[in-house]
Amino acid sequence: MGQFIQQLINGLTLGSVYGLIALGYTMVYGIIGMINFAHGDIYMVAAIISVTVITLLAALGISAVPLALMVTLLVVMAFTAVYGWSVERVAYRPLRTAPRLAPLISAIGMSIFLQNMVQLTQGARVKPIADMMPGQFNLFTFDGFTVFLSYTQLMIIVVTVILLAIFTYLITRTSFGRQQRACEQDQTMTALLGVNVDRTISLTFMLGAALAAIAGVMVTIYYGVVDFAIGFVAGLKAFTAAVLGGIGSLPGAVLGGLIIGMLESFWSAYYSPEYKDVAGFALLILVLMFRPSGLLGRPEVEKV
Amino acid sequence: MNTLHKKLSVAGACIASILSAQAYADYSVAIAGPMTGAYASAGEQIKRGAEMAIADINAKGGVNGQKLKLEIGDDACDPKQAVSVANAMVNKKIVFMHGHWCSSSTIPASDIYNEAQIPMATVSTNPQVTERGLKNIFRIMGRDDQQGGVAGAYVAKRFAGQKVAVLDDKSAYGKGLADETAKGMQAKGMKPALRESITAGEKDYSGIVSKMKAAGVQVLVYGGYHTEVALILRQAQQAGMKLMVMGGDTLSNNEIVTAAGGNADSVLFTFAPDSRANPAAADVVKRFRAAKVEPDGYVLYAYAAMQLFQQAATTAKSVKYNDLRKALAGGSFNTVVGKMSFDAKGDLKVPAFVVYQWKGNKYEAVK
C-alpha cells in the first residue's frame with residue numbers, strides 16, 4: 001500500500017514532466033499540422049542553459065529558491081524562445097509549401113544539429129547541480145514504508161496544472177488564440193482576413209519552446225543531472241503522450257503524459273522496469289486502434 | 001598553353017607526391033570508442049591516453065623508423081555505428097586498433113577487424129569478446145567473470161545478512177557483469193533479494209528506487225555505467241534510503257562524484273590495481289598532470305595499448321598481421337599499467353581486480 005501511493009506520486013511527477021514537453025508538441029501540431037521533431041532538443045538546450053544559469057546565480061550568492069527559480073525560468077525561457085523561433089525560421093518556414101515530408105526531415109536535421117552543437121560547445125560530460133530544493137513532506141508510514149512527496153515533485157505537479165490552465169485560456173479565450181485556430185483551419189483565408197500568419201506561427205513556436213524551457217528547468221532541478229543527450233528519449237516519450245492524448249489537444253497532452261508516466265511507474269514497480277517502454281508503446285497502439293485521433297482528440301473535420 | 005601545361009604538370013607532380021607519400025608513410029594506428037554520446041567521457045580518456053602515447057613514441061623516433069599516425073573512430077557505444085567505424089578503419093589501412101570500449105560495440109566490430117587481419121587491444125570486459133575464438137583480439141583488462149567473482153565475494157562478505165538488489169542496464173557489459181556478480185554472491189551463499197533491468201539513458205529511476213525501498217534493500221549491485229548509478233543514488237537519497245553500491249570498472253569515472261550529488265562515497269567498484277601508483281607510470285602520470293589531465297580510468301590503458309603495439313612491432317620488426325600477432329601472443333610486455341602477457345584466448349594471463357571505494361573526489365582501495 002505504501003509503495004502503491006509512492007509509485008502514484010512518482011508516476012504523477014514523471015507524467016507531469018512528459019505532459020509539459022507534450023504541450024509544446026501539441027501546440028505546434030495544432031497550428032501547422034506537423035510535429036516539431038526538434039522539440040525534444042529544445043528542451044535539452046533549455047536544461048543545459050538552466051544548469052549554467054543556476055550555477056551562475058549560486059556563484060553570485062543567489063540561491064534562495066523563489067528568486068533563483070524565477071530568474072532561471074525567465075532567462076531560460078527567453079533564450080529558448082529564440083531557439084524555437086530559429087527552428088521555425090530555418091526548418092519550417094522556407095518549406096511551408098513543400099510536401100509534408102520535407103519540413104519533417106529538416107526538423108530532424110535541426111534536432112541532430114542542436115545535439116551536436118551542445119556537445120561541441122558544452123562538452124559531452126554530464127552537468128550536475130547541487131540539490132536546489134532539498135526536503136520533502138513525509139506523508140505517512142505504512143508497513144515501515146514512509147511515503148514522501150518532495151518539494152520538487154510538488155512543484156512540478158503544480159506548475160504543470162497552472163501552465164495547462166494558462167495555455168488553455170490563451171488558446172480558447174484570447175485574440176491570439178483565435179488567430180491561431182484560424183491559421184489551423186485555413187492559412188490562406190486567414191491571411192486574406194488580415195492576420196499575420198507568419199507571425200502567429202512564429203509566436204506559437206516560441207511559446208512551445210518556452211514550455212520546453214519550463215520543462216527543462218523543472219527536470220534539471222528534479223534530477224540534478226543533465227547532459228546533451230536527454231532530448232531524444234524525453235522527446236519520444238512526450239511525443240507518444242501527445243499522440244495518446246490526442247495531438248492538438250492541450251488537456252490531451254497532459255492526460256497522455258500522466259498516463260504514460262503512471263504506466264511506467266506502476267509497470268516498473270509491479271512487473272519489471274525492463275519492459276516498461278514496451279508497455280507504453282503497446283498502450284499507444286491499442287488506443288490508436290480504437291480511437292485513431294487519441295483519447296481527447298477530435299477526428300479531423302472536413303475543412304470548408 | 002605552355003603555362004597551362006606547366007601548371008598541370010606541377011599540380012600532377014604535387015598530387016603524385018602526396019599519393020606516394022601516403023603510400024609509404026607512417027603506420028596508422030587507431031582508437032575507437034564513444035567520442036560522443038552519453039559515455040563520451042570514457043572516449044575522451046582513451047583519446048587523451050592514446051594521443052600522449054603516440055606523441056611519446058614519435059618523439060623517440062617512432063616504430064621501426066616509421067612515425068605513428070592516430071585515427072580516431074566514434075561509435076557512441078552503438079553497435080551499428082561501431083560496425084561502420086570498423087569498416088572505415090579497415091579502409092584507412094590501420095595496422096593496429098585499440099577499442100572499442102563498450103563490449104556491445106567491440107563484439108561486432110572485432111569480426112570485421114579479424115576478417116581484415118588487423119590485431120586489436122581492448123578493455124571491454126564481456127567474456128564473449130575473447131570467447132568466440134578470434135585470433136586478433138588481445139584484452140588488456142580482466143574479464144567480467146573474474147571481476148564479478150571478486151565483487152560477488154566481497155559483497156557476500158561485507159554485507160552479510162543485508163538485502164541486496166542486482167540491477168543491470170541490459171547492455172552486453174552491464175548484464176554480463178551483473179550476472180557474474182550475482183553468481184559470485186551465490187557461490188558464497190548470498191541470494192539477491194531483487195533482480196531487475198533498467199533502461200540506460202533515462203533520467204527517472206524513481207520507480208525502481210521505490211521498489212527497492214519497499215523490499216528493504218540496503219545494497220545495490222549494479223551492472224552498467226556511472227551515469228545511471230549517479231541518478232539512482234540521488235533518487236534513493238531523496239526517497240530517504242541509505243544505499244551502498246557495488247559496481248564494475250566503469251564506476252571509476254570521476255564524473256560520478258559530482259553527478260551523484262554527494263552520495264559517491266557509498267560507491268564501491270572493482271577495477272584493475274590503480275596504475276597511477278605504478279612506478280613504471282610515474283613519469284607519464286606526472287606529464288599527464290602537467291597537461292591538466294588526470295590519468296584516471298582508461299587513460300593509462302590507452303597509453304599501455306599503444307606501448308603494446310610499439311613493443312610487439314619492434315620485436316616482430318614488421319607490422320604485417322601474422323608477425324605482429326605472433327609477437328603479441330607470445331611476448332611479455334612492460335607497460336604503464338604493468339606487465340602483460342596473453343593466454344591462448346587473448347586474455348591477460350594474470351588479471352587482477354581490486355575493490356575500491358570513492359572517498360571525496362578520489363577512489364581508494366578497500367580491504
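For all residues, glycine too, the Cβ spot is worked out from N, Cα and C.
No curator has checked TrEMBL annotations; they are predicted automatically.
Going by TrEMBL, these are the annotated features:
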- A:12-35: transmembrane segment (TRANSMEM)
- A:42-62: transmembrane segment (TRANSMEM)
- A:68-86: transmembrane segment (TRANSMEM)
- A:98-118: transmembrane segment (TRANSMEM)
- A:148-171: transmembrane segment (TRANSMEM)
- A:203-223: transmembrane segment (TRANSMEM)
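Counting same-chain residues at least six beyond the ends of the transmembrane segment (A:98-118), those with a Cβ under 8 angstroms from any Cβ of the stretch are 34-38, 40-42, 44-45, 48, 83, 87, 90-92, 228-229, 231-232, 235. A contact links the transmembrane segment (A:42-62) to the transmembrane segment (A:203-223), because at least 3 Cβ pairs that are 6 or more residues apart lie under 8 A. Note on the transmembrane segment (A:12-35): residues 42-43, 92, 96, 100, 103-104, 107, 153, 156-157, 159-160, 163-164, 167, 171, 180-181, 183-184, 200-201, 204-205, 207-209, 211-212, 214-215, 218-219, 222, 234-235, 237-239, 241-242, 245, 247-250, 252-262, 264-265 of its chain, located 6 or more positions outside it, place their CB under 8 angstroms from a CB of the stretch. Sequence-distant contacts of the transmembrane segment (A:203-223), counting only residues of its own chain at least 6 positions beyond either end whose CB sits under 8 Å from a CB of the stretch, comprise 13, 17, 20-21, 23-25, 27-28, 30-32, 36, 39, 42-51, 54, 69, 72-73, 76-77, 79-85, 87-88, 92, 129, 132-133, 152-153, 155-156, 159, 163, 167, 170, 176, 180, 230, 234.
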